[in-house]
Amino acid sequence: MEEFVGLREGSSGNPVTLQELWGPCPRIRRGIRGGLEWLKQKLFRLGEDWYFLMTLGVLMALVSCAMDLAVESVVRAHQWLYREIGDSHLLRYLSWTVYPVALVSFSSGFSQSITPSSGGSGIPEVKTMLAGVVLEDYLDIKNFGAKVVGLSCTLACGSTLFLGKVGPFVHLSVMMAAYLGRVRTTTIGEPENKSKQNEMLVAAAAVGVATVFAAPFSGVLFSIEVMSSHFSVWDYWRGFFAATCGAFMFRLLAVFNSEQETITSLYKTSFRVDVPFDLPEIFFFVALGGLCGILGSAYLFCQRIFFGFIRNNRFSSKLLATSKPVYSALATLVLASITYPPSAGRFLASRLSMKQHLDSLFDNHSWALMTQNSSPPWPEELDPQHLWWEWYHPRFTIFGTLAFFLVMKFWMLILATTIPMPAGYFMPIFVYGAAIGRLFGETLSFIFPEGIVAGGITNPIMPGGYALAGAAAFSGAVTHTISTALLAFEVTGQIVHALPVLMAVLAANAIAQSCQPSFYDGTVIVKKLPYLPRILGRNIGSHRVRVEHFMNHSITTLAKDMPLEEVVKVVTSTDVAKYPLVESTESQILVGIVRRAQLVQALKAEPPSWAPGHQQCLQDILAAGCPTEPVTLKLSPETSLHEAHNLFELLNLHSLFVTSRGRAVGCVSWVEMKKAISNLTNPPAPK
């Protein structure tokens, strides 16, 4: 039914609806409508990417907060069950062990049944995808649901497994960004843009870290260091915007949930601000960094060896292939039995959560000095006001419990990384590093009970500062990152130890990077994911090695004047994804690239008159509509390995053709690059 229209009195004759004419306050409503249209026009001038990034940050903060609330409820239920079940050691042992075993079995079985790619950290796979490799199902939305459920069960196990959520949240954020990107392209009808999708995934990786620690700065820098070797400034801005939105919403939700009175740091500390450390202590911080570098290299070596042993052992490999939940349950039973509080768990502070571990380890008081003349009791129930009591035993003392914690957690963390379920491995090594620093600081405070004299002034040593440096240094050594120093400052809200912590992280990285690949690179190697190794150092001769020394000379070219029967023979006898297109068989001048799939489709679409036997050539197929691609990049035989490697990393390339005076003479792919780099680092023995 058509609406009645009228003419507004004194108007120029433009028709208006009677509803608008007789409605209340027509001028105000028209002004509001015009203002909204103006605001919409101004907002969308910025581009929809910024709204996309803000939505991504807010959604991931909601997921992180909801997961924390759900996990906290399950952990409280476990604690209540353990506390109320009675004094029977058997029942208490069963309540302590069966609970995490059931959760881990469900986590492993559920995630693996939905999609096998949901297990593990996810960062190695994301790193591989950002390098341009297509991994099926890793960005599927069903993978998102499986990983959320599995990770929630993993975190609900508490200190028995001692695992975190940083890596999985990076993977979850990337999956959410990919899904939102697909929704956007479907809604506005724009074609899929791989370059734009990659930009969003890079920003999403920063959001994953920011929504776990509420640390936008270190989230962006950590994602840069872990995910890529070259980074665009344009992605830098996007990453900071999305990470800030996610971190702000994450802490805002904590305020709304009455967890905090206002937006504050994640872990509370009370370090001295006036004189946090004396100048001679710089040497001890550097020594702590060196120790963390050595222990980090040992951890990476043992983790990779043990992972290979589990995969090659007949019993464990069969379990992992056929009964992943059974292997997960057995490994969890071992870990839960060790952490049972009345037994060895008494010396591992197993009643503390990971957050409480850090809160206690960052305490600025010296436990060794506090327990010299008095022995604090070990309470039947956990005392939130005296968390450090969990680290004390009258026979073992503080030094014994910390040392026992480091020895046991070293192999327990390695065992936990082999369980096929969604889990993060950054937070455990962060806590482990804090324990290293705490033991180092307690030792110094015991040796220098009055402090170190500098400039006639004596200030007591703060072991909490060394715990902070140890957390940043050890986690930085394992992941080969420097941003862990900034992360330590953001999560504690303290920057008074900026210089010594940074020096410790640099010392740890200098040792670890020269000995072992990072945790994520090692996982890529063990899982046999496609990767391009980095060229370490500047003095290994990468500038002297030329492309002509390692390129693949045996390439199959397609000439425009090649008969169709020859083209068919080439296509059926090879399985390469693309062929170099040359001007003629004689000249071999490279003029383009032909995709195998498109060429096969064009050959199948030809009429019978084009069958083999007729003197038709490839040029006719190309003229009939078979698409070709221009050669935008190519290498020269004189190009150095160093230049070629930088080009591959910068543009996420997988292969390039090599031309000499325009003639196609070879190609270089990741296979040839890996072999050339391997020959530089480990020269073959002379024949």
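From the backbone N, Cα and C atoms, a Cβ is placed for every residue, glycine too.
Note that this is a predicted model, so its numbers are computed, not measured.
Listed in sequence order, the residues of the same chain lying 6 or more apart from S121 (chloride binding site) and placing their CB within less than 8 Å of its CB are G167, P168, V170, H171, A423, G424, Y425, Y520, T523. Reduced to three states, the DSSP call for S121 (chloride binding site) is coil. The chloride binding site annotation in Swiss-Prot covers S121, F426 and rests on similarity to another entry.
If you look up Swiss-Prot, you'll see N193 marked as N-linked glycosylation site. Residues near N193 (N-linked glycosylation site) in space but far in sequence (CB under 8 A, at least 6 apart, same chain), listed by position: T185.
Per Swiss-Prot, intramembrane segment is recorded for 116-127 (among others).
Per Swiss-Prot, intramembrane segment is recorded for 203-224 (among others), and the stated evidence type is similarity to another entry.
Residues 75, 158-160, 162, 164, 266-268, 339-341, 382, 384, 387-388, 390-391, 401, 405, 427-428, 430-431, 434-435, 471 of the same chain sit 6 or more residues outside the intramembrane segment (349-360) yet have a Cβ under 8 Å from a Cβ within it. What Swiss-Prot lists as intramembrane segment is 349-360 (among others), and the listing cites similarity to another entry.
What Swiss-Prot lists as intramembrane segment is 464-496 (among others), and the listing cites similarity to another entry. Taking Cβ pairs closer than 8 Å, the intramembrane segment (464-496) reaches residues 213-215, 217-218, 221-222, 224-226, 264-269, 271-273, 276-277, 284-285, 288-289, 292-293, 295-297, 299-300, 358, 361-365, 426, 429-438, 440-441, 444, 502, 504-509, 511-513, 517-521 in its own chain, all 6 or more past its ends.
According to Swiss-Prot, the topological domain 'Cytoplasmic' annotation covers 1-50 (among others), on the basis of similarity to another entry.
According to Swiss-Prot, the topological domain 'Cytoplasmic' annotation covers 521-687 (among others).
Long-range contacts of the transmembrane segment (51-82) within the same chain, counting only residues at least 6 positions beyond its ends with a Cβ under 8 Å from a Cβ of the stretch, are 92, 95-96, 99, 103, 148, 151-152, 155-156, 158, 165, 169, 172-173, 176-177, 180-181, 184, 200, 203-204, 207-208, 210-212, 238, 241-250, 253-254, 257, 353. Swiss-Prot lists 51-82 (among others) with the feature transmembrane segment, giving similarity to another entry as the kind of evidence.
Sequence annotations record features per position, and here Swiss-Prot assigns transmembrane segment to 91-111 (among others). With a threshold of 8 Å between CB atoms, the same-chain residues lying at least 6 positions outside the transmembrane segment (91-111) that come near it are 74, 78, 81-82, 85, 118-119, 146-147, 149-151, 153-154, 156-158, 160-161, 324-329, 332-333, 335-337, 339-342, 419-422.
The feature transmembrane segment is assigned by Swiss-Prot to 141-160 (among others), with similarity to another entry given as support. Nonlocal intrachain contacts for the transmembrane segment (141-160), taken as residues 6+ away from its ends with a CB within less than 8 angstroms of a stretch CB, comprise 63, 67, 70-71, 74-75, 78, 96-97, 99-100, 103-104, 106-108, 110-111, 114-115, 117-119, 122, 168, 171-172, 175-176, 179, 332, 335-336, 339, 349-354, 357, 421-424.
Beyond the ends of the transmembrane segment (161-180), by six or more residues, the same chain brings 52, 55-56, 59-60, 63-64, 67, 100, 104, 120-123, 125-126, 129, 138-141, 143-144, 147-148, 151, 154-155, 197, 200-201, 203-205, 207-209, 211-213, 223, 332, 335, 354, 409, 412-413, 416, 419, 422-428, 430-431 to within a C-beta distance below 8 angstroms of the stretch. Residues or ranges marked as transmembrane segment by Swiss-Prot: 161-180 (among others).
Here Swiss-Prot flags 236-255 (among others) as transmembrane segment.
Per Swiss-Prot, transmembrane segment is recorded for 282-310 (among others), and the stated evidence type is similarity to another entry. Here the transmembrane segment (282-310) has Cβ contacts under 8 Å with residues 316-317, 320, 410-411, 413-415, 417-418, 429, 433, 436-437, 440, 444, 466, 469-470, 473-474, 476-478, 499-501, 503-512, 515-519, 522, 525-526 of the same chain, all six or more residues outside its ends.
If you look up Swiss-Prot, you'll see 325-342 (among others) marked as transmembrane segment.
Among the features that Swiss-Prot reports, transmembrane segment is placed at 400-420 (among others). Proximity of distant same-chain residues to the transmembrane segment (400-420), defined by a Cβ-Cβ separation under 8 Å and at least 6 residues beyond the stretch ends, is recorded for 104, 108, 112, 119-120, 161-163, 299, 302-303, 306-307, 310, 320, 324, 327-328, 331-332, 334-335, 338, 344, 347-349, 391-393, 428-429, 432, 435-436, 438-439, 442.
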Are there residues of the same chain, six or more positions away from F426 (chloride binding site), whose CB falls under 8 angstroms from its CB, and which are they? G164, V166, G167, S475, T479
For the intramembrane segment (203-224), could you work out the same-chain residues 6 or more beyond its ends whose Cβ comes under 8 Å from its Cβ atoms? 53, 56-57, 60-61, 63-64, 126, 130, 164-166, 169-174, 176-177, 231, 235-236, 238-247, 249-251, 265-266, 479, 481-484, 486-487, 489-491
So what pLDDT does the topological domain 'Cytoplasmic' (1-50) average out to? 60
If one takes Cβ-Cβ under 8 Å and requires six or more residues beyond its ends, the residues near the transmembrane segment (421-440) are 104, 107-108, 111, 118-122, 146-147, 150-151, 153-154, 161-169, 284, 288, 291-292, 295, 299, 328, 354, 357-358, 361-362, 399, 402-403, 405-406, 409-410, 413, 463-464, 466-475, 478-479, 484, 519
Can you tell me whether DSSP puts F426 (chloride binding site) in helix, strand or coil? helix
